Amino acid sequence: MELGWWPQLGLAFLQLLLISSLPREYTVINEACPGAEWNIMCRECCEYDQIKCECPGKKEVVGYTIPCCRNEENECDSCLIHPGCTIFENCKTCRNGSWGGTLDDFYVKGIYCAECRAGWYGGDCMRCGQVLRVPKGQILLESYPLNAHCEWTIHAKPGFIIQLRIVMLSLEFDYMCQYDYVEVRDGDSSDSQIIKRFCGNERPAPIRSTGSSLHILFHSDGSKNFDGFHAIFEEITACSSSPCFHDGTCLLDSTGSYKCACLAGYTGKHCENLLEERNCSDPGGPVNGYKKITGGPGLIHGHYAKIGTVLTFFCNSSYVLSGNEMRTCQQNGEWSGKQPICIKACREPKISDLVRRKVLPMQVQSRETPLHQLYSSAFSKQKLQDAPTKKPVLPFGDLPPGYQHLHTQLQYECISPFYRRLGSSRRTCLRTGKWSGRAPSCIPICGKTENVSAPKTQGTRWPWQAAIYRRAGGVHGGGLHKDAWFLVCSGALVNERTVVVAAHCVTDLGRVTVIKTADLKVVLGKFYRDDDRDEKSIQSLRISAIILHPNYDPILLDMDIAILKLLDKARMSTRVQPICLAAPRDLSTSFQESRITVAGWNVLADSRSPGYKDDMLRSGVVRVADSLLCEEQHEAQGIPVSVTDSMFCAGRDPTAPSDICTAETGGIAAVSFPGRASPEPRWHLVGLVSWSYDKTCSHSLSTAFTKVLPFKDWIERNMK
């Protein structure tokens, strides 16, 4: 007996030596001891040591805290010397979470996991299971340790059942599911009737309870572990039990009861009865057309169609479908819609926005024609009485938009009096499915103006006169604001998108470099020099392109002509209309004998002068001068020039009043004579002011013009 305590004392002494050899991290003085089990040999205080140790066999370093007590010599005695304490008792790991043991939470309270995997909870992340009373939710068990045991109980509201779907399953497989498994019972306890056990990784079909609760048990043995499982559940109603047969659809009403919507061929409360199968007879294709099966099961023996068959109808060329394009075989054995017919018709021809169309009453051909009467006169009265006299009946029906019946007539006219029509004024739908005549179009009436009394032309508003402006930012000097616009010359509007102008107006001086389109603009409908006077009537248009004549010589100003393409169409009105183009052969008299009217603004006018606001478009009459005399006049002024074949010189007509200084306007020259389209006089463009030397605007000096007549073909090619 006396020797029996020596082994115990020796073991305790060895433990103390072992503890003293371990590194001490820190010591915490706690005024309250953790519990009665630690009060043996404890005095008024209780301290803790944090210990690091290495688990046997795993070489895994873990930590924990142990309490210690002060002895009579004020030394801290580890409580490991007491019975029941072993150094590796708490050498644990967090199998279902992340390590997080701190101070006494690790050893005393057992909380050594900072965060648990989904489905696990507790300080050691080993607790699982729950009682659930929600309409829907999920059960997720992420991974699992050995020898785990978890239970869940799901409760639904009275009158509802529970549907459980296992969407992920990863457990140890066994044919009997006796190692790792999920067990579902129809009730609220482990004694309820078992529905089935599940293991492996094959997801089962949805599970439904017969009552308002389900019990789920998870169990794992001590050999293997996998990823766990994930299930979702929800409360369901009477329809969830699939009371409708043959793929019928269950529909709940407000009272909680249900009705079944049956598929084709079934009837009854639960869609349990089979209807007698019905078919639709083949409707055939329309005359001058055909049909195709475009949906459903199709025809039976080529004569009958099953329920749901869809037919689509088509017409031959020059015929149009009137009626239902598609028909479906219905439950009652009848086709939907009405049988369509194919009608001879014409597609409406496309017209521009400038053309107005009117549909005239159809003129149906009959036997009451002069030819028929002549033919009938050769026969007896008896034979004539036997001949049909009624007008033939045409297959009328509703046509889709954009089509017209046979013999329909369309009448065309221009929407504005400032346009004239080209093409046919009336077209008829022919039996060929085409329209008679030519497609109509409307073009602006050119060269027409009012209130011009020759030879006096002052104060006339020439509607084709175009003012060409240039932005001051592209010109050096002059004292103009950077964004200001100034008038550089005049041009002639020849159609809705084209203006003819002298080439030197839109190029840099002495060069063929074209000014940027953004630095130029065209103003139409202008009369006064001051823009504010014409504010309501003018149209300010942007330029999309500038086309110089390829042979333009900026030094001699030979072929000084260019075309401006407008970005937007000019709107025709009494103030804006184009001028006509003419070839030399169109002139009724010799060009040299023509009285030519020149119009333009004074581009050099000073806006600060008193009469600036009242200054208007000026015009006057000139006559063609001899080219040799023109050259000699300028040579006498010290300016040797050459008048080429693309130019003509002209001076003021002393017999006609004039308020224009031709050299200052950069204007246009026009002649009035009857045109080809109308015997009425029309104004035609014949010239553009090109160059001159005339500081005093005297009658003796001539101005050089670009002759427009030779460039008619080039202009028309670029007008398209």
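Just so you know, glycine gets a Cβ as well, placed from its N, Cα and C.
According to DSSP, CYS128 (disulfide bond) sits in a coil region rather than a helix or strand. Around the Cβ of CYS128 (disulfide bond), the same chain contributes GLY119, TRP120, TYR121, LEU141, ALA148, CYS150, PHE218, each under 8 angstroms and 6 or more positions distant in sequence. Under the heading disulfide bond, Swiss-Prot lists CYS128-CYS150 (among others), citing similarity to another entry as support.
The annotation disulfide bond is assigned in Swiss-Prot to CYS177-CYS199 (among others). With a cut-off of 8 Å between CB atoms and residues at least 6 apart in sequence, the same chain places ARG197, PHE198, CYS199, GLY200 near CYS177 (disulfide bond), listed in sequence order.
According to Swiss-Prot, the disulfide bond annotation covers CYS239-CYS250 (among others), on the basis of similarity to another entry. In the three-state DSSP reading, CYS250 (disulfide bond) counts as strand. Around CYS250 (disulfide bond), a 10 Å sphere centred on its CB holds 18 further CB atoms from the protein chains shown.
With a 10 A radius on its CB, CYS244 (disulfide bond) counts 23 other CB atoms from all the protein chains. In the three-state DSSP scheme, CYS244 (disulfide bond) falls into the coil class. Annotated disulfide bond per Swiss-Prot: CYS244-CYS260 (among others), in sequence order, evidence recorded as similarity to another entry.
In the three-state DSSP assignment, the secondary structure recorded for CYS271 (disulfide bond) is coil. Residues annotated as disulfide bond in Swiss-Prot: CYS262-CYS271 (among others).
A 10 Å cutoff on Cβ-Cβ distances gives CYS280 (disulfide bond) a total of 23 other Cβ atoms nearby, all chains included. Swiss-Prot lists CYS280-CYS329 (among others) with the feature disulfide bond, giving similarity to another entry as the kind of evidence.
Residues or ranges marked as disulfide bond in Swiss-Prot (evidence: similarity to another entry): CYS315-CYS342 (among others). DSSP assigns CYS342 (disulfide bond) to a strand.
For the recorded site, CYS414 (disulfide bond), the DSSP three-state label reads strand. Note: CYS414 (disulfide bond) has non-local neighbours LEU354, VAL355, ARG356, ARG420, ARG421, CYS442, i.e. same-chain residues 6+ apart with C-beta under 8 A of its own C-beta. Among the features that Swiss-Prot reports, disulfide bond is placed at CYS414-CYS442 (among others).
Under the DSSP three-state reduction, CYS505 (disulfide bond) is assigned to helix. Around CYS505 (disulfide bond), the same-chain residues six or more apart in sequence whose CB sits under 8 Å from its CB are ILE468, VAL488, CYS489, GLY491, ALA562, GLY666, listed in sequence order. The disulfide bond annotation in Swiss-Prot covers CYS489-CYS505 (among others) and is backed by similarity to another entry.
Its Cβ taken as reference, CYS649 (disulfide bond) is surrounded by 25 other Cβ atoms within 10 Å in the chains shown. The disulfide bond annotation in Swiss-Prot covers CYS630-CYS649 (among others) and rests on similarity to another entry.
According to Swiss-Prot, the feature disulfide bond maps to CYS661-CYS697 (among others).
The domain 'CUB' feature in Swiss-Prot is assigned to 128-236; the stated evidence is sequence analysis.
The average pLDDT for the domain 'EGF-like' (235-272) in the predicted structure is 78. The annotation domain 'EGF-like' is assigned in Swiss-Prot to 235-272 on the grounds of sequence analysis.
Marked as domain 'Sushi 1' by Swiss-Prot on the basis of sequence analysis: 278-344.
As annotated by Swiss-Prot, domain 'Sushi 2' applies to 387-444.
Here Swiss-Prot flags 445-720 as domain 'Peptidase S1', drawing on sequence analysis.
Taking only the Cα positions, the spacing between CYS239 (disulfide bond) and CYS260 (disulfide bond) is 9 angstrom. Ranking the disulfide-bonded residues CYS199, CYS329 by how many Cβ atoms sit within 10 Å of each one's Cβ puts CYS329 at the top.
Checking Cα-Cα distances from CYS260 (disulfide bond) against the disulfide-bonded residues (CYS250, CYS271, CYS280, CYS329, CYS649) with a 10 Å cut-off leaves CYS250, CYS271, in sequence order.
Not a single one of the disulfide-bonded residues CYS329, CYS630, CYS649 has a C-alpha within 10 angstroms of the C-alpha of CYS262 (disulfide bond). Around the Cβ of CYS271 (disulfide bond), the number of neighbouring Cβ atoms within 10 Å comes to 21. Neighbour density for CYS150 (disulfide bond): within 10 A of its CB lie 20 other CB atoms from the protein chains shown.
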